[in-house]
């Protein structure tokens, strides 16, 4: 090569090296981006795992299976069944696709583990655009052992509620819709309002939203529209109503609009209220004061008839949203309740709906039987104020009225607020050997029964309604008394009693409950006991109960009911485990530690103010059955009433639960009075005194 050729080659080689260097740099940069994205996806996966475990009790696993849980792909965040099925079927044959109502995740089961693994790799971090929406979401997947979701038992309509299909023809519907002139101004003879969530017109009488009533002395001119008269005569002839209505409210709802849960004021209108759905179908939510809800599909051109209990006791409302969860197999044609069959639910986009709601103005006071929510009879229902019990019979009666009956009434609402297992209880259960037999005495809604799948766990509770909820989750549980559990003596490797014993109203009954736990244990078996503490501020730290003063309305304790059914045949207390002294000794031991229980003797039980420090050991703690959308710090997903409205005041029954809060040392003293157990550990955990016992 000549010198000139060598000189010419050098710049080319330098350029090549520069290009190679640039390519190498770009490759490194791309590699770093991919690595960063993988780390982000892994971080999101782990967060999804923790959220599913903490809030739903769903445990994700690290090894591949046939089943996946896909976060952000649920009905709750706008993913339809059709769209999700199209996505997941790209990776294999789908055996099962479960979409729980109002949840932001779904389950998919493939025919093979290989197909599931293929979907897992492809879908993690995948961005998709929701149908009928510009919203982009990112999917995150985790493996689960199996797809298992207990469908809710099919629900019936609320009592005294009817839905009549095709009550009018499409032509009649068209004429009724055209008769309403929404261009009218506020000074028109019918009262027209443009509310925040809908447009509304009143005929006959104006319904006043400021006081939820009508001015019976100021009828609107013109009466009801003439076009409605034939329809109302038809309803009278068919027996759907007994009185001819004289008041009409016309509401127009655009997609995304709704109306808060409410009961039409008792004193304002007679029993029968009928509502005609025009233009589109809608899902209306009905709710009983105990928290039980029923979603009812109101088809287009159908008539809703509310009388009796459904009119006076249940709230009804329309959740503001653009989609309704409905049955997939009968899209838009389902009449009655929306059954929570997770294999057959999807979303349907709402359209403009107009409702004609007819009422008869009441001219006298309401005398219904639902005193707790009746404005005409407010305050007429009084109960004797409970006093501290002086003997076992009085104690049993107090617990029956202010523990057992209350939990039966509030079971559904109570369960909806009890979904987060306490970490140290979970730690105890996961520390037990595989195959251990464990009894959860006072299991409530069963939130601990599925924590460790390597255990054989069985639950029991006094509340039949809470036990039924356990059954809906496929947990083994039965109704019984915590003082007489129908399980053979010495048959359990471990027991837990979480927030139960503080519902017994005498020292003797609390000691008997601990003795019953010990009877169930094998020698060497352990029991974990939690009770509410008098000291809600301990070592200069406020408990979660006090910290959340402006948050959820009731303490996040494990559900329990104290329980009170009788011992089954042949079950007697184990004589090897009896108190070494009577309850007097127990109280003496407590006094030696300066922790004497200050009982409310010869006086009525005080009512505690929620989220405040305790001033008495024996008291009644209120439980409010309220509606409300989920606000920051609250634990219930509902729709709230406007402040000061009658519904917020009168549709919120308050139940009172009896509690005995334990002073420091009191629980240990009770346990030490039994000669068949020893204390392995005692500690304070977020406002509770806790002990771990071992059977000797």
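Using N, Cα and C of the backbone, Cβ positions are placed for all residues, glycine too.
Features reported for this protein in TrEMBL:
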{"type": "COMPBIAS", "residues": "544-558", "note": "compositional bias 'Basic and acidic residues'"}
{"type": "DOMAIN", "residues": "66-135", "note": "domain 'RRM'"}
{"type": "DOMAIN", "residues": "244-362", "note": "domain 'Fe2OG dioxygenase'"}
{"type": "REGION", "residues": "544-577", "note": "region 'Disordered'"}
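Averaged over the domain 'Fe2OG dioxygenase' (244-362), the predicted model reaches a pLDDT of 85. Applying DSSP to the domain 'Fe2OG dioxygenase' (244-362) sorts its residues as follows: 5 helix, 58 strand, 56 coil. Across the domain 'RRM' (66-135), DSSP assigns 25 helix, 19 strand, 26 coil.
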